[in-house]
Amino acid sequence: MATDGLHENETLASLKSEAESLKGKLEEERAKLHDVELHQVAERVEALGQFVMKTRRTLKGHGNKVLCMDWCKDKRRIVSSSQDGKVIVWDSFTTNKEHAVTMPCTWVMACAYAPSGCAIACGGLDNKCSVYPLTFDKNENMAAKKKSVAMHTNYLSACSFTNSDMQILTASGDGTCALWDVESGQLLQSFHGHGADVLCLDLAPSETGNTFVSGGCDKKAMVWDMRSGQCVQAFETHESDINSVRYYPSGDAFASGSDDATCRLYDLRADREVAIYSKESIIFGASSVDFSLSGRLLFAGYNDYTINVWDVLKGSRVSILFGHENRVSTLRVSPDGTAFCSGSWDHTLRAQPQALLLEVALPGLEPSDRLGPSAPVNLRGCARPTCKTTCSGIKMGPVSQNLPKPAFPSTLFK
């Protein structure tokens, strides 16, 4: 029995009560350091103006709800998974399907591109994470080269390669996360701490990549050390399931989206929530979140078919994007920050370039740093492989090469 060995008059209930008391005291001490809100510190920062983004490419091919998607490091290819049991690799410029895999189950809830771009991972209701190598031969039978890497006791909800193709992180409905060796399929580390289904995870954007964050149905967001398997920080301020978590580009903070219709920002150094992104008119849950490359904007997909764009510092909404005909289930910004793609229950994915958005989000850059008639043409500006201009007729330069390194304000919460 769990109570064996306890002292006289000491029961499990009393220990739980003591733990809650200590938790309350910790919250009180943390609250003493909460002397200012993020939007108050950012009052002197120039506000972002309203802007409009338009869908440039619609990817059609899935026969049911799109549940997950991920960008390749080449900033051009996309992998998506769907309730129809298919995983498709797309060319986002031409909208062509380069590869398609039929899984042994429906509800393929997770997919990820390997850092090298030479493999994809996916899984869902089969409780497995399977890795498929990609080749130039589009007619090759990919299923024959499938490798089952991870095995959980419940559905696979999320997966992500680490900084190499040799290890992969998975999250599952069995309440755990796990780190696996891709080659041998061996379990390297397991992460226990969530009290319910784990729905999402995100790897810290650093060269070492030794931490990751996860969120789940227990309303908790937990930061884990991949080396020890221990939870190093936990945040429990949401009022419902956490559907998505995403690190700030510098790795010093992360955002979460929840069924409580809010997105929240947590500063890891201050060890607390620093901003809430919500409006009274938003009553539907947030299913997916991601940051712009600069970290100034937060994109959030909602169950009311819209994508809201938030000013991270000011806490205000700067744009609403329409187009999907059902709930937005997944959203990811491209690795170079020049576009983002969203997937929906309307069976489609929509790719939207962010060339104009970069102009708004990074007012500190000189125009020559972003645009230049003599610079090499950047086809990502228009997503049309034969087009050498953006829709405004300006040639695009290599915008990602001159971007300042994003940094979360380091002196706000000392």
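From the backbone N, Cα and C atoms, a Cβ is placed for every residue, glycine too.
Looking at 9-39, 381-411, the range annotated in TrEMBL as coiled coil turns out to be 9-39. Residues 30, 33-34, 37-39, 199-206, 213-217, 219-223, 282-291, 293-295, 298, 300-302, 310, 312, 315, 405-408, 410, 412-413 of the same chain lie 6+ residues outside the repeat 'WD' (235-276) yet bring a C-beta within less than 8 angstroms of a C-beta in it.
For the repeat 'WD' (59-91), the residues of the chain that approach it from at least six positions outside its boundaries are 97-113, 115-117, 120, 122, 124, 132, 134, 158, 326, 329-330, 332-336, 338-339, 341, 343-345, 347-351, 380, judged by C-beta separation under 8 angstroms.
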